[in-house]
Amino acid sequence: MYKVVLVRHGESLWNQENRFTGWTDVDLTEKGVQEAIKAGELLKQVPYEIDVAFTSVLKRAIKTLHHILDVNDLLWIPIYKHWKLNERHYGALQGLNKQETADKYGAEQVKIWRRSYDVPPLQITADDERYPQKDKRYGQLTEQEIPLGESLKDTIARVVPYWEAEIVPQIKAGKKVLVVAHGNSLRALMKVLENISDEDIIDLNIPTAVPIMYELDENMTPLRREFLGDRKGVQEKIDVVANPSKIME
Ligand SMILES: O=C(O)[C@@H](CO)OP(=O)(O)O
């Protein structure tokens, strides 16, 4: 039996401001830092002694990972960063306020953009300042790889091959692996791991900085999934993600 732990980053500035974030590299809020430290403490209590960590190239995930490792005195372990673990690229929605977008396009349309399986958001073009190749860290991406606005299906197409090629071999080698990523890159991974249907994935919302512990068989099929922490607190965080402003409907 194998184990792996997935963690979404702590609250970011744009989570707090209720804006679509995607690949925008926003920082953690002070609350987000505290959430990350708490996640580190929860893993220490288990105990889950992390050998190797994977994260995205976005600072909200990288800093969350550092806080978790710091609490566990494990800042020295190998850390692999890759854009394939980035948040889903939210295209032309990036930067917009979610409530204002719901007021303009309707709550139903916003829910489809946020949670459907294969409907992409409004796309950006290559002359947009949000075009990823204008950023040095994405300079090596091919034109096919550069997202202009990804659906969850598009996100799965880059997250899952990275999981299979880079992360699974470490798990199978007996390493205790931690993956710190994002709401939708983790939904992408969890959809495939748990074989969640295209319809049911709409209702999966990932709370900020709650360690998600999986027990896996040798085929990497989950035997068990547990959200660490007190149940009420975890559910409250899930509700915030599902309905960020509580006035979208
Ligand atoms: O804005 C984003 O990039 C994501 C995660 O914060 O938002 P949502 O939960 O609406 O998919």
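Glycine is no exception: its Cβ is also placed from the backbone N, Cα and C atoms.
The feature substrate binding site is assigned by TrEMBL to 8-15, 21-22, ARG60, 87-90, LYS98, 114-115, 183-184.
Counting every protein chain shown, the number of other Cβ atoms lying within 10 Å of the Cβ of HIS9 (active site, tele-phosphohistidine intermediate) is 31. For HIS9, the entry in TrEMBL reads active site, tele-phosphohistidine intermediate.
For GLU87 (active site, proton donor/acceptor), the same-chain residues that are 6 or more apart in sequence and have a Cβ closer than 8 Å to its Cβ are THR21, GLY22, TRP23, SER56, LEU58, ALA181, HIS182, GLY183, ASN184, SER185. Annotation source TrEMBL lists active site, proton donor/acceptor at GLU87.
In the three-state DSSP classification, HIS182 (site 'Transition state stabilizer') falls within coil. Positions annotated as site 'Transition state stabilizer' by TrEMBL: HIS182.
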Open item on the list: For each of ARG88, LYS98, count the other CB atoms within 10 A of its CB; which of these binding-site residues has the top count?
Closed with: ARG88
- [ ] Return the members of ARG8, HIS9, GLU11, GLY22, GLU87, GLY183 (the recorded positions) with CB less than 6 angstroms from at least one atom of ligand 1, or none.
- [x] GLY22, GLU87, GLY183
Task: Most Cβ neighbours inside 10 Å, all chains, among the recorded positions ARG8, HIS182 - done: ARG8
Open item on the list: What's the number of neighbouring CB atoms sitting within 10 A of the CB on TRP14 (substrate binding site)?
Closed with: 20
Open item on the list: For ARG8 (substrate binding site), which of the three DSSP-derived states applies: helix, strand, or coil?
Closed with: strand
Task: Rounded Cα-Cα span from HIS9 (active site, tele-phosphohistidine intermediate) to ARG88 (substrate binding site), Å - done: 14
